[in-house]
Amino acid sequence: MPHSKNQRKHRHHSHSERRRQPKRLTLTAKQQQMFDELLRTLNLTFANKKLLVQAFTHSSYVNEHRIQSCKDNERLEFLGDAVLELAVSQYLYKAFEQMSEGDMTKLRASIVCEPSLAQLAEELHFGELVLLGKGEEMTGGRKRPALLADVFESFVGALYLDQGMDAVYLFLERTIYPKISEGAFSHMMDFKSQLQEFIQRDNLGHIHYEIVQERGPAHNREFVSEVVLNNETLGVGTGRSKKEAEQHAAQQALITLSQKKEQ
């Protein structure tokens with residue numbers, strides 16, 4: 001039986017609708033495996049996996065693939081930036097009780113700046129997970145510091161939305177906080193002066209520094225310094241120079257004194 005005009009018209013619309021259906025973002029098995037491996041490494045879970053993937057989705061990928069249901073990571077980056085500032089501020093406030101507002105601001109700026117966040121993202125292999133457009137890929141976007149720093153922030157934003165602030169603190173305890181404690185950002189701070197002020201203000205006694213060890217070949221020397229207060233070692237630090245080792249030792253001493261004050 002020949003099809004009526006209406007039936008032919010309806011069938012034509014069905015084909016058009018099928019053709020116009022929005023594309024969906026589908027991860028390859030390898031990409032899915034990489035995301036799973038990341039969560040295992042960080043000992044984290046995501047209830048909403050779409051948020052996790054969004055954190056690694058660059059705007060160039062969305063624009064190139066025209067996937068309607070797929071969002072880029074820019075809004076998550078905006079949120080993550082604020083969450084990261086709060087989490088780092090709280091850590092500094094608690095760990096360095098004697099530090100002035102101005103010094104905390106300087107130290108925080110050195111921690112959440114682009115080079116620092118890009119390095120952290122690189123250490124976590126975030127670049128390998130980013131969904132990029134071909135143009136961005138060809139121009140080396142996967143290794144671009146600005147892009148990596150943005151992804152670190154968007155990941156923090158996604159983690160906050162999915163799991164809350166406690167999960168963010170746990171993540172930072174495995175990534176940023178140990179580096180602060182180890183003095184990775186201490187080139188921005190004069191911890192020796194801060195320690196001296198702290199000791200004098202509270203009349204705790206007299207401190208002195210001792211280089212207790214030198215190790216490594218002459219061209220790659222490493223020094224170990226102790227800072228001692230009234231015959232008690234308050235902090236130990238290492239560095240490529242005696243001054244750097246003393247700065248790191250002073251930073252450890254400040255953390256020790258802050259913890260003692262809380263007890």
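Positions of Cβ are set from backbone N, Cα and C atoms, glycine also.
Source: prediction; values computed, not measured.
Noted in Swiss-Prot for the protein shown:
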REGION    1-23  region 'Disordered'
DOMAIN    35-164  domain 'RNase III'
BINDING   E77, D150, E153  Mg(2+) binding site
ACT_SITE  D81  active site
ACT_SITE  E153  active site
DOMAIN    190-259  domain 'DRBM'
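Structure with Swiss-Prot features highlighted.
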residue : record              : CB count, 10 Å
E77     : Mg(2+) binding site : 20
D81     : active site         : 19
D150    : Mg(2+) binding site : 25
E153    : Mg(2+) binding site : 26
Rounded Cα separation (Å) that holds between E153 (Mg(2+) binding site) and D81 (active site): 5
Structural state census, the domain 'RNase III' (35-164) (DSSP three-state): 96 helix, 2 strand, 32 coil
Env. residues of Mg(2+) site, Cβ within 8 Å of mean position of E77, D150, E153 Cβ: N73, E74, L76, F78, G80, D81, A149, V151, F152, S154, G157
Euclidean distance between Cα atoms of D150 (Mg(2+) binding site) and D81 (active site), Å: 9
Helix-strand-coil residue split for the domain 'DRBM' (190-259), DSSP-based: 32 helix, 25 strand, 13 coil
